Every structure is written in C-alpha cells, then in structure tokens.
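Asks: According to Swiss-Prot, the protein carries these features:
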TRANSMEM  24-44  transmembrane segment
TRANSMEM  52-72  transmembrane segment
TRANSMEM  115-135  transmembrane segment
TRANSMEM  152-172  transmembrane segment
TRANSMEM  179-199  transmembrane segment
TRANSMEM  224-244  transmembrane segment
TRANSMEM  245-265  transmembrane segment
TRANSMEM  284-304  transmembrane segment
C-alpha cells in the first residue's frame, strides 16, 4: 500500500455512523446502473435460455460486485476525493463513513458476490467477476490511476467486462459476440472520460491524477478523442456486419455513431474559451446516450427475437 492509502486510513473528522444512504453512495449507483444494464444485455443475448432465478441471481451478483469495487475504490482514493471539488462530498472525505468501515463493506460485498455467483450459477462467471473486481480495484485504482495517463484506457477493461460475465452466467462460455460487447465499451471509455477530463483538468491536476489533459495537454487529448472515436464507430457497427444484430441496430449505430463523430470533430476544432468547454461537455453527455442507445437496441432486438 502506498502513502496515500496510509493517509486514507488516518482518523477522520467524525466517527462514521453513516446512514444507509451513505453506504448506497459508496456503491456508486450511477456506475452500478450502467453495469446492470450492460450485463442484462449480455444475459439476454446469450444463446441459452436462462431460468429466471438464475438470471436474477447473476444480475444481482454482478451489481453487488460492481458496488463492492466502487466502495473499495472510494476507500483507496479518499485522499484524492478530499481534494477534488466534484468528490469532496463523498461519504469518506466528508467524514460520514470511516475508511475502515468502507473497506470492510467493500470486501464483504466482493466476497459475497463472487462466491454466490460461482456456487449458484457457474464457476466461469464467478471467476470473471472476481477478475473484474480485482482489475478495477488493484490494477486500475491502486496502480494505473496514479501512475499513467493511460489509466482510463487500460483500466477501462474492468468497466467493459460485465456483459461477458453475464453471458458466461447464461451460457457457461464466452463467444465472439460477448467479446464485441466488451470491445465496444472498452473503446467508448476513453472518449467519454477524456471529454470529462478536458473541462475538469484543474481538478485532476490539483489531486495529482495524471489524466491525459494534465500530462500531454488538451490538444493531444482532443486528438486522441477523435482517433478513438474513429475506431469506435465502425466497431459498433460490427455486430451487423457479422450477422449478430439486425437492421434496427444498424440504423441506430449508424446515426448515433455519426453524431459521436461530429461531436468529436467539434471537440478537436474548438480549442480555446467557452466554446471548447461546451464542446467537451456536449460530447461527454452524448456519449452516455450513445452507449445507452446501442445496448438498448441490442436488448430490444434480442427480446423481439425471443418472442
């Protein structure tokens, strides 16, 4: 453990005694909702029929595992969260939950989610969930986040894996389509978070987090956003080309992909002043809608096909 973690375990301003709402906040509900949604798509699109109880158990365990990873991330990053304006009110830096309480909470949920998924669903799904939690907490949070501007690129794998975990829960195997679902989220992550970091660069710099705009500058970040978007858009169309998705998905992926590309070009061109901030915010917001529409269409096609 590094010195930052040592500080994060120091006595806090209060004795903890957090409310249920504080512990829910530790789970990062917004992130958890995305994990649940993308995992549900993986579960429904898997070729095997899944008993409703098994399906519910799988989604529950994946959600709890994601929440556990979020809690452990907040435990480790308490010193960073105390410095950054957008995270200062989180339960640990605000003193409502102590670091030790958050650590115990996160470890308990992580163990529960992996063991239950492995025993009640299948070992492959449990192993993939364990790897996902490990990658997010140890590889990304404890190592990459503070050491390299590629933190989001490499660390993004953990956020991309839930559809594969759910696919494995449903089928007991991994297929090409599950890999494509992971790849779409993986290559979506850098443009999404770099757009955010363009207008939050001062916050990251103050906390000592080497996000790309801090280390390489905003112009290089804009170029990387455009390059990743140029790769992401055709990748998102690949399920149609491979016969895994239908016309509806192709139309949605094509139209929204064009929107992503135009907004990325706008970010690349708008380099100074309020226009640059507005362009980055628009891309950040639209990227969320983009991913949602892609996966919602895949989900809808699978449900219609199963009728």
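Numbering starts at 1 and runs along the chain as it is shown here.
Glycine is no exception: its Cβ is also placed from the backbone N, Cα and C atoms.
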Asks: Establish whether the number of Cβ pairs under 8 Å between the transmembrane segment (152-172) and the transmembrane segment (284-304) reaches at least three, counting only pairs separated by 6 or more residues.
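Replies: No, the stretches stay apart by this measure.
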Asks: Return yes if the transmembrane segment (284-304) and the transmembrane segment (115-135) have at least 3 CB pairs under 8 Å (sequence gap of 6 or more), otherwise no.
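Replies: Between the transmembrane segment (284-304) and the transmembrane segment (115-135), contact is absent.
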Asks: Counting only residues 6+ away from its ends, which parts of the chain sit with a Cβ under 8 Å from the transmembrane segment (115-135)?
Replies: 54, 57-58, 61-62, 65, 68-69, 72, 155, 157-158, 161-162, 164-166, 168-169, 172-174
Asks: Any residues 6+ beyond the ends of the transmembrane segment (24-44) with a Cβ under 8 Å from its own?
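Replies: Counting only partners 6 or more residues beyond its ends, the transmembrane segment (24-44) has Cβ contacts under 8 Å with 50, 55, 58-59, 62-63, 66-68, 70-71, 73-74, 90-92, 97, 102, 105-106, 159, 162-167, 169-170, 178, 181, 185, 291-292, 295, 298-299, 302-303, 306.
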Asks: Go through the chain and flag residues at least 6 beyond the ends of the transmembrane segment (245-265) whose CB is under 8 A from any CB in it; none is fine as an answer.
Replies: 191, 225-226, 229-230, 232-234, 236-237, 239, 279, 282-283, 286-287, 289-290, 293-294, 297-298, 300-301
